[in-house]
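Peer 1: Before we start, here is the structure in question, set down as structure tokens.
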Amino acid sequence: MQRKIKSYVLRAGRISNRQQQGLDLWLEDYELKFDSPTPWNFAKEFGRHDADTIVEIGFGMGTSLFAMAMNNPQCNYLGIEVHKAGVGSLVADLHEHQISNVRVVVHDAVEVLQTKIPENSLAGVQIFFPDPWHKKRHHKRRLIQSEFIQMLVKKIRPSGFIHCATDWEDYAEHILNVLSSESALFNQQKEGGYSPRPDSRPLTKFEQRGERLGHGVWDLVFIKNKEVTNDKACNSY
């Protein structure tokens with residue numbers, strides 16, 4: 001998969017003292033380096049052999065990723081983010097609460113998936129509130145496209161999941177069409193539409209405010225090769 005168009009724009013934003021402290025003092029404790037010569041071995045990187053690994057792409061300020069890691073210590077979480085403020089915020093939280101089941105990579109998600117993630121190695125991938133690029137001329141920048149999903153399918157194991165959430169209805173329809181068109185995926189919602197928000201996905205302050213204002217949020221959960229059973233605790237779908 002050759003993707004030259006980026007789904008994000010790096011802007012010079014303000015970084016708080018706490019976020020900078022996270023980057024300067026504790027990032028090295030959690031970071032997986034993209035420039036390592038071989039794909040990652042998750043048993044080695046997380047220091048345990050019996051845990052499933054879930055990837056979150058674009059974790060923002062890390063609120064959901066932090067909560068899920070704290071609530072599911074039996075699971076490994078790998079967060080991918082390019083914006084330094086969010087990385088610093090998450091790392092500071094991880095350090096403060098001594099959370100050990102999270103690793104972070106500060107790099108483009110497509111390149112990470114292409115070169116660093118072994119095939120059939122993930123219990124799931126979650127993408128919460130990706131940039132909707134709402135103007136029609138920018139739709140080509142949307143992260144979730146057919147080629148991208150085809151790559152994800154190769155990285156998750158049979159019975160693994162892809163969980164997306166968006167507050168932009170047009171993007172939700174696009175994501176539903178893309179996921180439904182992938183023959184290796186099955187919609188967790190039997191009626192073929194959107195899923196209720198799973199308990200496993202924390203409700204963010206942003207969502208709570210949106211709900212009060214009447215804004216919608218659409219969750220989509222698809223499973224790879226649904227007929228393959230899986231008793232691993234990290235796949236609650």
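Each Cβ is built from the backbone N, Cα and C atoms, and glycine gets one as well.
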Peer 1: Just to be sure I read the record right: GLU81, ASP108, ASP131 are listed as binding S-adenosyl-L-methionine in Swiss-Prot. Which of GLU45, GLU56, GLU96, GLU147 is listed for the same site?
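Peer 2: Matched candidate out of GLU45, GLU56, GLU96, GLU147, per Swiss-Prot for S-adenosyl-L-methionine with GLU81, ASP108, ASP131: GLU56.
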Peer 1: Around ASP167 (substrate binding site), how many other C-beta atoms are within 10 angstroms of its C-beta?
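Peer 2: So the Cβ neighbour count for ASP167 (substrate binding site) comes to 16.
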Peer 1: How far is it from PHE206 (substrate binding site) to GLU81 (S-adenosyl-L-methionine binding site), counting Cα to Cα, in Å?
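Peer 2: Checking the Cα atoms of PHE206 (substrate binding site) and GLU81 (S-adenosyl-L-methionine binding site) gives a distance of 19 Å.
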Peer 1: Among the binding-site residues listed here, GLU56, GLU207, whose Cβ has the fewest other Cβ atoms inside 10 Å?
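Peer 2: With the binding-site residues GLU56, GLU207, fewest surrounding Cβ atoms within 10 Å: GLU207.
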Peer 1: Between GLU56 (S-adenosyl-L-methionine binding site) and LYS205 (substrate binding site), what is the CA-CA distance rounded to a whole number of Å?
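Peer 2: Here the two Cα atoms lie 19 Å apart.
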